[in-house]
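Per Swiss-Prot, these features apply:
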{"type": "TRANSMEM", "residues": "46-69", "note": "transmembrane segment"}
{"type": "TRANSMEM", "residues": "135-158", "note": "transmembrane segment"}
{"type": "TRANSMEM", "residues": "175-199", "note": "transmembrane segment"}
{"type": "TRANSMEM", "residues": "273-291", "note": "transmembrane segment"}
{"type": "TRANSMEM", "residues": "330-353", "note": "transmembrane segment"}
{"type": "TRANSMEM", "residues": "369-395", "note": "transmembrane segment"}
{"type": "TRANSMEM", "residues": "417-439", "note": "transmembrane segment"}
{"type": "TRANSMEM", "residues": "517-535", "note": "transmembrane segment"}
{"type": "BINDING", "residues": "CYS559, CYS568", "note": "[4Fe-4S] cluster binding site"}
{"type": "TRANSMEM", "residues": "575-596", "note": "transmembrane segment"}
{"type": "TRANSMEM", "residues": "643-665", "note": "transmembrane segment"}
{"type": "BINDING", "residues": "HIS654", "note": "chlorophyll a B1 binding site"}
{"type": "BINDING", "residues": "MET662, TYR670", "note": "chlorophyll a B3 binding site"}
{"type": "BINDING", "residues": "TRP671", "note": "phylloquinone binding site"}
{"type": "TRANSMEM", "residues": "707-727", "note": "transmembrane segment"}
Amino acid sequence: MALRFPRFSQGLAQDPTTRRIWFGIATAHDFESHDDITEERLYQNIFASHFGQLAIIFLWTSGNLFHVAWQGNFESWVQDPLHVRPIAHAIWDPHFGQPAVEAFTRGGALGPVNIAYSGVYQWWYTIGLRTNEDLYTGALFLLFLSAISLIAGWLHLQPKWKPSVSWFKNAESRLNHHLSGLFGVSSLAWTGHLVHVAIPGSRGEYVRWNNFLDVLPHPQGLGPLFTGQWNLYAQNPDSGSHLFGTSQGAGTAILTLLGGFHPQTQSLWLTDMAHHHLAIAFIFLVAGHMYRTNFGIGHSMKDLLEAHIPPGGRLGRGHKGLYDTINNSIHFQLGLALASLGVITSLVAQHMYSLPAYAFIAQDFTTQAALYTHHQYIAGFIMTGAFAHGAIFFIRDYNPEQNEDNVLARMLDHKEAIISHLSWASLFLGFHTLGLYVHNDVMLAFGTPEKQILIEPIFAQWIQSAHGKTSYGFDVLLSSTNGPAFNAGRSIWLPGWLNAVNENSNSLFLTIGPGDFLVHHAIALGLHTTTLILVKGALDARGSKLMPDKKDFGYSFPCDGPGRGGTCDISAWDAFYLAVFWMLNTIGWVTFYWHWKHITLWQGNVSQFNESSTYLMGWLRDYLWLNSSQLINGYNPFGMNSLSVWAWMFLFGHLVWATGFMFLISWRGYWQELIETLAWAHERTPLANLIRWRDKPVALSIVQARLVGLAHFSVGYIFTYAAFLIASTSGKFG
């Protein structure tokens, strides 16, 4: 018999039902569960797949560069970044006739095009690219890297080049390589690019391979470096009247501490960013030399962790046993990596708009909104994944004997206290926040808005004041105009910072009031509830009072038969499943808040947000309903406009989202009967019956139906909001 899918599991391949396909897809990446897997093959498969992932990333970024060079308008955008709309790529086949062709022909293009809201134009411009040829060169280089990555992945699966398990578990060498080799060297290389190419480019000097050895990045060359007069590199920075991309008002400094933003581009000073990357490079190059490898000097991770026993005895045996637990569990390591990556992705979202790094991106409002929302959603999925793999670690890899009385075991021992505290925090936040919103709703409904309960966020305002915001009148730390810190800030360090904080047209320390106070606590409710579900799922993954033997059932079990009440819906997978709904809900509130606050800031009517955000009807009517009007008018009796594609996506997103409920709520047997009926009709229809249906249809398992429902819910939710966000922002700001 020919090999059937899935090849990695003979048991599944012989299953005569549709389970074969579903379970095959579900376990394709669960290498640990495959036939004939060994620890060595497991590590080698994961290692090789990393190269495949890199190849895909390089191919994708190469495609971005290639399509903009081929079909975009980069060169004309560079001439006037604030008024030319950047083109992502052409639309080959615009449906709906001539009106569609006209609606989508913009940005100076000859035919229908898509506008870029990803910020790549601003990024490429900032780092010194200027022509289509530059973009093609970059695309080819990344294509080359993609091919190299594929070859490397294939190579490391060949017997001669397969690394051993001991190589994968050599924590110190990996730390040194990642810290120095990846972070340190790449940050240093990026500093080099900024100093040699980007900064001269911002001053009208076009540096390429043919002249980069002749153009001095700084008039004094390397002299100040070798004589220790490093401050010379900071002297004569670009002036406030500097026109980006020209020599007008340009200085000669390459590494500065100006603070604040370039007045024309509204982005951070390139010379500040070069300085930042140089400092990062230095720190990581040092950090990558701290761990003991071939030379018998430096730290051993195991010794470090074994020594971490707090003397008070309140953490028991501290970190004893953690080294082997972490180093031998891929799921623990993946959980740590996902948690870190999730947090950093959310930080990227917060910093991209408040401290924009790319020239003119702060004035491209739709791009700002799209990038913020994109990074927050990505962060949410990555963070929930961290807890999922934490739970799998507890089920598959945790060894109680190895971790006796250390911090990990103690966390499991007092999980009731952790879970109940999180529960209490969630209940407190939920009831109080909803109570305030609903009270305010009722007051407005009864025509007595002055009876709202409006709470000023005085602690947050105090923190903003401490960082230099003067409008609240707190007169503390950096906002105290006669204090030593304030005076030093004016002259020695970051003189531009205080100007930027108090300039009301950017997004640094937005002025906050009662509406912000309420939505902050609504978001806190979402964060705490999501965390509660995820933490409970992981801490109860091995067992609970109700089901002490839970770990024997694996990560995703539906129930333990009809004879054991209460064992349904309590697997670690169910916790992940529930948490994703809360995560999406929370990020919905976060992005609504960000978007509405910024729309009113950009339009110059901040009072609309301040007055309407203190009650729920305000959010529903003045944010969602009011801003969806343009979107819904993408098609109307008079024809169509360039928002029509978002109108269609908005409807389609709702459709996908609603489809999710059919799987989340319907009986699963309904689907089995439906599929059987379709199969019956299929086999009795000429031509169609040439393709035989081999697998007997069986109902989706409970877990599968939930997964399909969750996938539709998530995808539909994000599609719907993406269309709303882009249409409502681009419809207002051209």
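Any Cβ shown, glycine's included, is placed from N, Cα and C.
Since this is a predicted model, take the numbers as computed values, not measurements.
In this structure, the binding-site residues TYR670, TRP671 were compared by how many other Cβ atoms lie within 10 Å of their Cβ, and the smallest count belongs to TYR670.
Rounded to a whole value, the Cα-Cα separation of the residue listed as 'chlorophyll a B1 binding site' and MET662 (chlorophyll a B3 binding site) is 13 Å. Classification of CYS568 ([4Fe-4S] cluster binding site) by DSSP places it in coil, neither helical nor stranded. Between the transmembrane segment (575-596) and the stretches 135-158, 417-439, 643-665, 707-727, the greatest number of Cβ pairs separated by less than 8 Å involves 707-727. Rounded to the nearest whole angstrom, the C-alpha distance between MET662 (chlorophyll a B3 binding site) and CYS559 ([4Fe-4S] cluster binding site) is 21.
Between the C-alpha atoms of CYS559 ([4Fe-4S] cluster binding site) and TYR670 (chlorophyll a B3 binding site), the distance comes to 20 Å.
Recorded residues CYS568 ([4Fe-4S] cluster binding site) and TYR670 (chlorophyll a B3 binding site) have their alpha carbons 21 Å apart, per Cα-Cα distance.
Listed stretches 369-395, 417-439, 517-535, 707-727 were compared with the transmembrane segment (330-353); the greatest number of C-beta pairs under 8 angstroms is found for 369-395.
When other Cβ atoms within 10 Å of the Cβ of CYS559 ([4Fe-4S] cluster binding site) are tallied across all protein chains shown, the result is 16. Note on the transmembrane segment (517-535): residues 384, 387, 418-419, 422-423, 425-426, 429-430, 432-433, 436-437, 455-457, 460, 575-576, 578-579, 582-583, 585-586, 589-590, 593, 613-614 of its chain, located 6 or more positions outside it, place their CB under 8 angstroms from a CB of the stretch. Panel annotation: around the transmembrane segment (417-439), residues 411, 452-453, 455, 518, 521-522, 524-525, 528-529, 531-532, 535-536, 539-540, 614-616 of the same chain, lying at least six beyond its termini, place a Cβ under 8 Å from a Cβ of the stretch.
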